[in-house]
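Asker: From TrEMBL, for reference:
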type	residues	note
BINDING	79, 123, 124, 125, 126	phosphate binding site
BINDING	202, 204	substrate binding site
DOMAIN	39-249	domain 'Nucleoside phosphorylase'
């Protein structure tokens, strides 16, 4: 049917579902009226970037004049920012798996309660590239963990639950085809490695702690490249797992900073 799925039987027993971190709820807001026609959701780490993206989409869709502001739908919360440009929703998710996971749980419930259909969700932002030209955009085919395995491990009530992290390959190819019209940004499809940390977890030598040599770092990154990894960040495995389980057509596009 194209509806966004939730896999939680307890939701049907609740009189009200409060999306606490988004400052929305099923009793306080008419979610189908507010969001029922949403077709695309773009998420990224920074609130300012997602505001700028929403303003860009407003102009591209002919919905607002240049410089016109957009309203933060989640202004009553200080956790995330959400903006709307026609059928496009733009939301920040912060940094790391815990932050994006909270946002995605509530976003997916929002889309479900709003009875949205055939929604595509794309994660945009920056990442560290691996063996690619600076300024490249990496479209993720599969998110892998720090052992280069396509899995997301979540501890639930003391048990380790393992979930698949493959993203929509047709959407990846479609985005790659679109990129050919933008010559300034070389674009490729590859694996994205997700870590739990920005410093030691990504092999950086400049954190408050560093337990490895530069030689060991380079050897690890070489193995990652040979495993198909082309960029490194901190959210992709959770993003891929939740999108896949809830019937969302999802993809991740990350710009490798020069």
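Glycine is no exception: its Cβ is also placed from the backbone N, Cα and C atoms.
Unlike curated entries, TrEMBL annotations are predicted automatically.
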Asker: Sorry to bug you, but what's the C-alpha spacing from residue 126 (phosphate binding site) to residue 204 (substrate binding site), rounded to the closest Å?
Answerer: 17
Asker: Give the maximum pairwise CA distance in Å, whole number, for the residues 79, 123, 124, 125, 126 listed as binding phosphate.
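Answerer: Across 79, 123, 124, 125, 126, the widest Cα separation comes out at 20 Å.
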Asker: Quick one, of the binding-site residues 123, 204, which Cβ has the fewest other Cβ within 10 Å?
Answerer: 204
Asker: Can you tell me how far the Cα of residue 79 (phosphate binding site) sits from the Cα of residue 202 (substrate binding site), in Å?
Answerer: 25
Asker: For residue 79 (phosphate binding site), what is the tally of other C-beta atoms lying within 10 angstroms of its C-beta?
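Answerer: Around residue 79 (phosphate binding site), other Cβ atoms within 10 Å: 17.
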